[in-house]
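Data first, discussion second: the structure below is written as structure tokens.
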Amino acid sequence: MDQRPKFGMILFYIVLGVFLMVALRGLYTTDTNLSVPYNRFLEDVNDKKIIKIVIYDDGRIVYTTSESSKRSLETKVSPQTLSTDRFQNYIDQLVTDGVNVVYEKGNDSLFWVNLLGTIIPLAIIVFIWFFAMRSLSGRNSQAFTFTKSPAKKYLSNDKNVTFKDVAGVDEAIEELQDAVNYLKNPNAFSQTGARMPKGILLVGPPGTGKTLLARAVAGEANVPFFYISGSDFVELFVGVGAARVRDLFSQAKASAPSIIFIDEIDAVGRHRGAGLGGGHDEREQTLNQILVEMDGFDAKTGVIVMAATNRPDILDHALLRPGRFDKKITVDPPDVKGRAEILKIHMRGKPVDPDVDVWLLARRTPGFVGADLENLVNEAAILAARRKKKIIGMKELEEAIDRVIAGPARKSRIMNPKEKKIVAYHELGHAIVGLALPNAYPVHKVTVIPRGSASLGFTESLPSEDRYLVSRSEMLDNLAQILGGRAAEEIVFGEITTGAANDLERATQMARTMVCQLGMSDRLGPIAWGKEEGEVFLGRELTRMRNYSEEIASEIDNEVKKIVIEAHERARKLVEKFRDKLDKAAEYLIEKETITGKELAEIVGLAESGNYYRDPLAETKGSKRKVSAVSTNEEAKEGNEDEKN
């Protein structure tokens, strides 16, 4: 309901009342009489200038003087200035002098006007105060509720999320199962003398499903779930954060067994005393209150505190000690099997073509986390709806991957034939170098379709399997592949363009990482140069401490330059080797706009030995690759149990 018209009418009546009060007061007090001081009255009496005096019972005194035949002057004397005895003496003297003395009844209206003139302003002030207090204490105001916790409470019957809705983090689920069992049956732990951790910290990159895991624990245990972000505690007023912490924990204890989940706890749990000012602030007071509340738990409380962060290195040590967040669970990005399971979960309830190859999609998305995969499926659903299709097909899902990686296709960006030709040779330079080098990532496809805000085309290379270690030879081959585009421009056109700017930046950074962090320089040896260290609130670019001399810095620069130049020369030699096949490949790419790594390998004569993407599961045919064949965590667990039996 809109309150503005009601407030406007109230304001109108207030203004009208003030106006009438002023008008009435002016009406009854408007006269041209002069208020004279007591001395002037005495002078008029002694000089016998008074010809008439009127005394009102409301205390007013009005007298008329006649200083000449032309005019008379009526004046008022305040009775408070006259004592009763002396005033009566003056009246007697005036009567003796023949002055007309009259006693009259006072003006009652003027009395009420004066009274209202005093009461109405007070009434207006009281009314405005009452109206303001009522508005501030309404449901839409937090003026008097800012000390209450803003945590969202999810009850046990509010569309519970369970472990069946989580995939790709089997180890984390196994660790969290203890928390579920504790919430369901705390006595089972106390019988063995075990103490359930008071706090569980979920650590992992953004989007890996930390919040989803916490909700799944609450759903599995069927207990209330209190969700709050670390930034929700701290407000403008001092002490609000600590008050909200107390209120949150009191609510959780009243609803026990329950779970408190603090997302992004690094917003409030950073190292104390690490701010630029160095002093105590509201954030530290809030953190202290969290520590105190967690110390107040006992085994019978039935409340588990969970938190999530992607910056565990900046958390205060007191927060991580035993008795507080003493259990840390790492939530890693999913592997290829986990990605396939996550894709199936996000495809639930959506009209997906049964022939969709989720294993290929999972292998095309290395490094994707759960949030990325959810976005991928959603993008595919949007594309299917845009094309007026009733089901989501493999084509939409593959295009969605390209949209997530490189942005949407810019079909309206029309390049002239010369620029399109340069882009084609540039991308083929990347691809051919990748095909020829055995340790580079296998080439999956090449396209000259512009995507995103800056990309005019791209070459997609995929690892054949999930990798956790990278060798020096692999890094050098990938470095040469990155510089293959610039090498192709130099050889084919005899000049370079701005298209290789990002390639040079990536190549330089990779070479510097090899020298400074990985000890892969023959000249400088197995030494890590520089140390990442800094205060909590300093920017990332200021956190790398330089612990070497100017001479070493010069040698580092020379070594980085040497690695990049050598990789560039390798790329040039490989492009020159396949120069006779490059023109044919460019014509084919410009015509088709997108070609696979296998097609390019056949054109340049590397069909057998070329390093293009070969599906590791190519021999797995039929329904085993389809979306319906991907197992969820529950199905996988059942399968493991069957194997054990």
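Even glycines carry a Cβ here, placed using N, Cα and C.
What Swiss-Prot lists as active site is GLU427, and the listing cites sequence analysis. The secondary structure of GLU427 (active site), as reduced to three states from DSSP, is helical. Residues near GLU427 (active site) in space but far in sequence (CB under 8 A, at least 6 apart, same chain), listed by position: VAL446, THR447, VAL448, GLY457, PHE458, THR459, GLY485, LEU589.
Within the same chain, residues at least six positions away from LYS210 (ATP binding site) with a Cβ under 8 Å of its Cβ are LEU202, GLY204, ASP263, ALA308, VAL331. Taken residue by residue with DSSP, LYS210 (ATP binding site) is part of a helix. What Swiss-Prot records for GLY204, PRO205, PRO206, GLY207, THR208, GLY209, LYS210, THR211 is ATP binding site.
Annotation source Swiss-Prot lists Zn(2+) binding site at HIS426, HIS430, ASP503, citing sequence analysis. Under DSSP, ASP503 (Zn(2+) binding site) is assigned to a helix (H, G or I) in the three-state scheme.
Under the heading compositional bias 'Basic and acidic residues', Swiss-Prot lists 634-645.
Taken from Swiss-Prot, the feature region 'Disordered' applies to 623-645.
Look at Swiss-Prot and you will find 1-6 (among others) tagged as topological domain 'Cytoplasmic'.
Summarising the annotation, Swiss-Prot assigns topological domain 'Periplasmic' to 28-110 and lists sequence analysis as the type of evidence.
Residues or ranges marked as topological domain 'Cytoplasmic' in Swiss-Prot (evidence: sequence analysis): 132-645 (among others). Across the topological domain 'Cytoplasmic' (132-645), the prediction's mean pLDDT works out to 82.
Per Swiss-Prot, transmembrane segment is recorded for 7-27 (among others).
Annotation source Swiss-Prot lists transmembrane segment at 111-131 (among others), citing sequence analysis.
Excluding GLY204, PRO205, PRO206, GLY207, THR208, GLY209, LYS210, THR211, which define the ATP site, the same chain contributes LEU202, ALA308, ASN310, VAL331, VAL369, GLY370, ALA371 within 8 Å (Cβ to the Cβ centroid), listed in sequence order. When Cβ neighbours within 10 Å are tallied across all protein chains shown, the highest count among the binding-site residues THR208, THR211 belongs to THR208. Listed in sequence order, ILE482, LEU483, GLY485, ARG486 are the same-chain residues at least 6 apart in sequence whose CB falls under 8 Å from the CB of ASP503 (Zn(2+) binding site).
Each of the binding-site residues GLY204, PRO205, GLY209 was scored by other CB atoms within 10 A of its CB, and the lowest score goes to PRO205. Residues within less than 8 Å, Cβ to Cβ, of GLY207 (ATP binding site) and separated from it by at least 6 positions along the same chain comprise VAL369, GLY370, ALA371, ASP372. For the recorded Zn(2+) site, residues HIS426, HIS430, ASP503 set the reference point as the centre of their Cβ atoms, and the other residues of that chain within 8 Å of it by Cβ are GLU427, GLY429, THR459, ILE482, LEU483, GLY484, GLY485, ARG486, ALA488, GLY499, ALA500. For PRO206 (ATP binding site), the count of additional Cβ atoms within 10 Å of its Cβ stands at 11 [all protein chains shown].
According to its DSSP assignment, GLY204 (ATP binding site) is coil.
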